[in-house]
Amino acid sequence: MTAQTLDPATAPEASWLRVCRVADLEVERGRAALLGSTQVALFLLPDGSVHAVDNHDPYSGANVISRGIVGTRGEAPTVASPMYKQVFDLRTGACLDTQGKDPAALRVWPVLLQDGDVHLLCGDAR
Amino acid sequence: MTARIVVVGAGMVAHRFADSLVSRAEQDISLTILGEESRRPYDRVGLTRFFDGAGAEDLELDPAVLEDPRIRLVTGDPVAQIDRAARTVRTASGAELGYDHLVLATGSSAARPPVRGAEHPGCFVYRTLDDVEQLKAHVERRASQLGRPVRGVVIGGGLLGLEAAGALQGLDAEPTVIQSSDRLMSAQLDLPAGAVLRRLIEQRGIAVRTRTRTTSVLAGEDGEVHGVVFDDDTVLETDLVVFTVGVRPRDELARAAGLVCAPRGGVEIDPSCRTSDPDISAIGEVASFEGMCVGLVAPGYAMAEVAADRILGGGATFAGYDLSTKLKLSGVDVASFGDAFATTPGALDVVYTDPVSGVHKKLVLSDDAKTLLGGMLVGDASAYGALRPLVGGALGGDPAAYLMPAGGVEAPTAELPDEAVVCSCASVTAGTIRGAVHEEGCTDVAGIKACTKAGATCGSCVFAIKGLVGAELAKMGRSVSTALCEHFEMSRAQLFDAVRVSGLTTFSSVIERFGRGRGCDVCKPVLASILAVLVRGHVLDGENATLQDTNDHVMANMQKDGTYSVVPRMAGGEVTPEGLIVIGEIARDYGLYTKLTGGQRIDMFGARLEQLPEIWRRLVDAGFESGQAYGKSLRTVKSCVGSTWCRYGVLDSVGMAVNLELRYRGLRAPHKLKLGVSGCARECAEARGKDAGIIATAQGWNLYVGGNGGATPRHAELLVEGVDDETLIRTIDRFFMYYIRTADKLQRTAPWLEALEGGIDGLREVILEDSLGICADLDALMAQHVDSYQDEWAATLADPAKLARFQSFVNAPSTPDPDLAYVPERGQVRPASIDERRSGDVLIAGTTLEVRR
Ligand code: SRM
Ligand SMILES: Cc1cc2nc3c(=O)[nH]c(=O)nc-3n(C[C@H](O)[C@H](O)[C@H](O)COP(=O)(O)OP(=O)(O)OC[C@H]3O[C@@H](n4cnc5c(N)ncnc54)[C@H](O)[C@@H]3O)c2cc1C
Ligand code: SF4
Ligand code: FES
């Protein structure tokens, strides 16, 4: 596999970009993906859905979100940053537990699963 | 015309009868209660409270009931004769009284077995306030005569015997309970439950002998009891004897009057509580229904309600005995209900035993496991109130959930239907209690008692009431929780037991059964640690991998920029020159910042995720293994140089430290574990600041436990002194395992020991004197740990599936994180600060070659 050259943060037009196969992911254990200079954290949930959020942790400044513990808060599927334990909603990127810090959210990418491949909607789509 | 009702006997059931009759009677009645005892009706069930300082007045049953002008109470004058033809009774003092309806509520008397010498002064029974007053006076008199604590023998190991033994203890006497059958409370408990009860009772300082019959009581020259002889001809010295071998219904009046009595004693009644004479009823312990008399108050109360209803023209019937009981004996909860002995054909049972906290619970279920038939609870009977109303009905849930420690699962009472009777003493349903919370504003058991009378009699339903009230309050948005997190209502110790008992081995199965949702960063690592001890296996095996805390995830400690530190084990702080060279080479080749840790080993910082396997490949090849600097597990065993080199050393502290580190390496715990070993009292290894600190003396090893550095430092306390290697290791084994089983999440040994019942002495009893009978279990668990140890890193390197997790990016597996940046400092590197990044003074980017310069 080779690194994609298209940078989803700066791509001029919205387009679906194939990132990996669903089979490359493990349930409830995140993986990072590199799209140009942007890092995305991918999560496969027990219901088969895949979520994509920033790998960059706004609280610590390190690229570690993909290495956090996946779980739930009420109905919301979540990931807890491995650095200082802030908890984010995987569906919206909203921070559900800021550990007393100011609110900061993760960017969320729309995900398309097709023929066992994971595609992200890149570019300034939203 | 006024109906004249006369009650013979002024006991508990008579009192309830009076209450029920006058509170409901609309017609004119006159009620006369004739009592033999010279007291107003009192709480016999609570008799033992007398020894906790309750005076006769405290035990009196609600006096307001008897203040009704229609009631006349005569005490101290027993009825001597009934003339059924004339419908009169005559008392011992000669008074004569006519009746329209007569109620016999004469109860029972305590039986004295045919034992030679049972009449000597110093022999007692345990039934009335007079009995306990005399017993107390005797104990006090003998203690002052003898100038030492009095010894007492209680003959009969049923509920009364255990109450009496507890009472003796309250008087500072030393009790021994003698039971002829093979277990305590044989009418209510089976052998395993009886064994648990025995241990709990013995733990409380009451000696127990089973399978022992008493043949005679011996008196000394002063005429006072001084011993008992058993059927094996042994003699036990004692200063008093209490007989608690059963009760006999007081049916003598009825027999003399020609009423039909049961062959085994008691006045026969029909379901309306009438005797063979329709003008006479019998209620309480004296009544025999379907050939049986029962020594419990609840059925007596039920009969009292029926008799009162019938007199008032109603059609109530007595439905038969509910033999369920819940008791607190010398502080031990015991309950037995329904078909506790599983006599129903095909009955199944589910048994939960927790020797650590001394709990044994058994549920009996129908052959399809759906219907609750009965059960036994010893040590923790809090589920009784919830379970008893369900007997005969669907359990509506996982049986195991009902057996878990209190508070471990959602209170089963929450599921009780409104019509279920929660308090059988006062016939109060769950619906009534819920109503009292919502409409009357009751917020606790006391409020419910005042409002509904539930819980005011035997108290066995108090936990159920508490659960219901709590659940209702929670619905109203007011509650307190002791739960691990939103996914588990249990504490860590409860979850440990739940996993142990259920035998579940995966996170999914545990959360499905005992929790909800998919877990979080609080409960997942807790379960990872529990599974690591109980199921063992590799931290990254299957689903376990996703449970691990950040650091265990990749078996390294995450640093501020998302890279990792690498800490190989150097047991006891020992390292060879070759080892140092390998470490030096690796650190140089990967540009890792290198430093000695506070735990006597070497830490290399700045390794990237995708570099960890290569680095560890080189370390493992050179003979190193994981130092588990990341795990809630054994960290280091710090040592001083000891007798091998030091001129003051008395024992080989390094040798012992290495030994201990290799034994406990990889052991997962609620929090990290550290040890220290010093070679003499100068304590250069700072062992007393560790969870287990070992200090050499000329007599052998001294072991201190529960020490801590960190934010709240605490010195370890002395557990054992001057022991040999083997004893030392066995003691640490048990200390660690007991801690692992019972500590709360992220609770280190220091706060755990502080919270432990009995502190260091309590710990000593459990792990040295085996007071809970769990040492063999603890030893076995540790032996399994030692046998199954494997180096996590070596195992990971051998498994391609595990290695895949170390790729930096799923679509660029070996590309370094492009954002990493470093600056040089004192000849090594450190992460660049934000300002340094902004100013562009970052000299080194995150690739190996550049770092090597
Ligand atoms: C590396 C080291 C500092 C050093 O450079 O010397 C260190 C580093 C950390 N310590 Fe420590 N502690 C280190 C020795 C100690 C010691 C000294 C000792 O072990 O003798 C103590 C005091 C003794 C004690 O534990 O009682 C110590 C008391 C703590 C505590 C407080 C624990 C407590 O019970 O209050 C924490 C916080 C925690 O664990 O919650 C902590 C937490 C940490 C963490 C895990 C903080 C974190 O979350 O990042 C650090 C990460 C380790 C890493 O990245 O490798 N570290 N830490 C030492 C590693 C020892 C080793 O070889 O494994
Ligand atoms: C120490 C102890 C602990 C107990 N614990 C429990 C428990 O936890 N749970 C439970 O369910 N049960 C318990 N019991 C049993 C319970 O106390 C009895 O089942 C209950 O008291 C029976 O009530 P009663 O009114 O039928 O008899 P009693 O309470 O014995 O009352 C009968 C009264 O009638 C009087 N009497 C007898 N003959 C005559 C006569 N001819 N004329 C006038 N008066 C007469 C007696 O003196 C006595 O006062 C316990 C008993 C004891 C002794
Ligand atoms: S503790 Fe004693 S034996 Fe160990 S180094 Fe210090 S002086 Fe030597
Ligand atoms: S069941 Fe006895 S007080 Fe409620």
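Numbering starts at 1 and runs along the chain as displayed.
Backbone N, Cα and C atoms are what each Cβ position is placed from, and that goes for glycine too.
Taken from TrEMBL, the feature domain 'FAD/NAD(P)-binding' applies to B:4-291. Predicted-model confidence for the domain 'FAD/NAD(P)-binding' (B:4-291) is 93, expressed as mean pLDDT.
The domain 'BFD-like [2Fe-2S]-binding' annotation in TrEMBL covers B:421-468.
In terms of DSSP helix, strand and coil, the domain 'Nitrite/Sulfite reductase ferredoxin-like' (B:559-620) has 29 helix, 14 strand, 19 coil. As annotated by TrEMBL, domain 'Nitrite/Sulfite reductase ferredoxin-like' applies to B:559-620.
As annotated by TrEMBL, domain 'Nitrite/sulphite reductase 4Fe-4S' applies to B:631-769. Within the domain 'Nitrite/sulphite reductase 4Fe-4S' (B:631-769), the DSSP-based counts of helix, strand and coil residues read 52 helix, 35 strand, 52 coil.
Non-local neighbourhood of B:C680 ([4Fe-4S] cluster binding site): B:G642, B:C646, B:Y648, B:G649, B:V650, B:I695, B:A696, B:T697, each in the same chain, at least six residues away, with C-beta under 8 Å from its C-beta. Annotation comment: TrEMBL describes B:C640, B:C646, B:C680, B:C684 as [4Fe-4S] cluster binding site.
Under 8 Å, Cβ to Cβ, and six or more positions away along its own chain, B:C684 ([4Fe-4S] cluster binding site) finds B:C640, B:V641, B:S678. If you look up TrEMBL, you'll see B:C684 marked as siroheme binding site.
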Other residues, Cβ within 8 Å of B:C640, B:C646, B:C680, B:C684 Cβ centroid ([4Fe-4S] cluster site): B:V641, B:G642, B:Y648, B:G649, B:S653, B:S678, B:G679, B:R682, B:E683, B:A685
The domain 'BFD-like [2Fe-2S]-binding' (B:421-468), counted residue by residue under DSSP: helix, strand, coil: 25 helix, 5 strand, 18 coil
All-chain count of other Cβ atoms within 10 Å of B:C646 ([4Fe-4S] cluster binding site): 17
Other C-beta atoms that fall within 10 angstroms of the C-beta of B:C640 ([4Fe-4S] cluster binding site): 26
